[in-house]
Amino acid sequence: MLYQAASEAAQKRWTTSDFDIGKPLGRGKFGHVYLAREKRSDHIVALKVLFKAQLQQSQVEHQLRREVEIQSHLRHPNILRLYGYFYDQKRVYLILEYAVRGELYKELQKCKYFSERRAATYVASLARALIYCHGKHVIHRDIKPENLLIGAQGELKIADFGWSVHTFNRRRTMCGTLDYLPPEMVESVEHDASVDIWSLGILCYEFLYGVPPFEAREHSETYKRIVQVDLKFPPKPIVSSSAKDLISQMLVKESTQRLALHKLLEHPWIVQNADPSGLYRG
């Protein structure tokens with residue numbers, strides 16, 4: 001079983017008694033996240049508590065194993081750290097970095113949309129994090145506002161690696177979120193790391209307009225708009241032509257023609273708007 005295999009690989013056997021557990025930070029489909037303090041070091045962490053029964057019922061144990069395997073080996077300022085994990089009879093516990101300023105999704109809802117400076121800073125940070133991931137043969141496959149957190153300095157953190165995959169080849173499985181799916185996944189053809197470029201393009205659009213570009217009332221209509229790349233830029237809010245140019249170069253049906261991430265960092269809109277520190281201070 002994954003929990004035993006995982007724990008034997010861990011150098012330290014943690015238990016709940018190693019932590020002072022504080023307020024809940026959020027809840028998900030399979031459990032809750034709590035603010036916690038590791039007693040010996042006084043280190044503040046986020047403790048993600050998942051219920052085994054629910055994981056087994058939904059047949060997502062393999063997904064959790066993958067998330068743990070991948071995230072525990074990644075070290076990047078824009079990727080949430082997974083420090084370790086442990087389990088008891090009923091639960092699995094993930095010891096995660098605490099992102100003080102919480103979920104980006106809530107921030108976007110509150111603001112409705114972001115300034116170009118803020119959007120560019122976030123997009124550049126994520127491009128750097130994805131370049132790092134792709135260099136380690138990790139495709140994220142589920143970049144969206146709900147999977148991003150904001151750290152104490154205003155830096156963005158990729159938080160959820162549940163759909164990510166360690167790969168050297170092209171894959172065909174359907175995953176990720178409907179509005180963010182690229183044409184090749186909608187059509188169930190092979191895909192590679194360029195799916196993350198598409199998702200980053202969708203995210204950039206949503207940062208600037210407050211909604212994803214191919215949103216429609218019916219799923220079938222969303223699928224159709226994605227496959228046709230039915231990309232429209234509404235008149236409001238006002239967005240620069242340079243930002244639209246970048247988005248248009250990322251949201252290209254032919255995956256090999258999408259703007260490469262290192263080229264994205266050289267795009268005039270990024271160069272002119274993104275804070276080089278990667279921190280958005282407001």
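Using N, Cα and C of the backbone, Cβ positions are placed for all residues, glycine too.
As recorded in Swiss-Prot:
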type	residues	note
BINDING	Leu25, Gly26, Arg27, Gly28, Lys29, Phe30, Gly31, His32, Val33, Lys48	ATP binding site
ACT_SITE	Asp142	active site, proton acceptor
MOD_RES	Ser164	phosphoserine
MOD_RES	Thr173	phosphothreonine
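Shown here: features listed in Swiss-Prot, placed on the structure.
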{"residue": "Leu25", "record": "ATP binding site", "DSSP class": "strand"}
{"residue": "Gly31", "record": "ATP binding site", "DSSP class": "strand"}
{"residue": "Asp142", "record": "active site, proton acceptor", "DSSP class": "coil"}
Any same-chain residues 6+ apart from Leu25 (ATP binding site) with CB under 8 Å of its CB? Would you list them in sequence order, or say none?
Val33, Tyr34, Leu35, Ala46, Gly102
ATP site shell beyond Leu25, Gly26, Arg27, Gly28, Lys29, Phe30, Gly31, His32, Val33, Lys48, criterion: Cβ within 8 Å of Cβ centroid:
Val49, Leu50
Close in space, distant in sequence - Lys29 (ATP binding site), Cβ under 8 Å, 6 or more apart:
Gln54, Ser58
How many Å lie between the Cα of Arg27 (ATP binding site) and the Cα of Asp142 (active site, proton acceptor)?
19
How big is the gap, in Å, between the Cα of Asp142 (active site, proton acceptor) and that of Gly31 (ATP binding site), rounded to a whole number?
20
Give me the long-range Cβ neighbours of Gly31 (ATP binding site): same chain, 6+ apart, Cβ under 8 Å, in sequence order.
Lys48, Val49, Leu50, Phe51, Gln54, Arg91
Identify, among the recorded positions Arg27, Val33, Asp142, the residue whose Cβ has the fewest other Cβ atoms within 10 Å in this structure.
Arg27
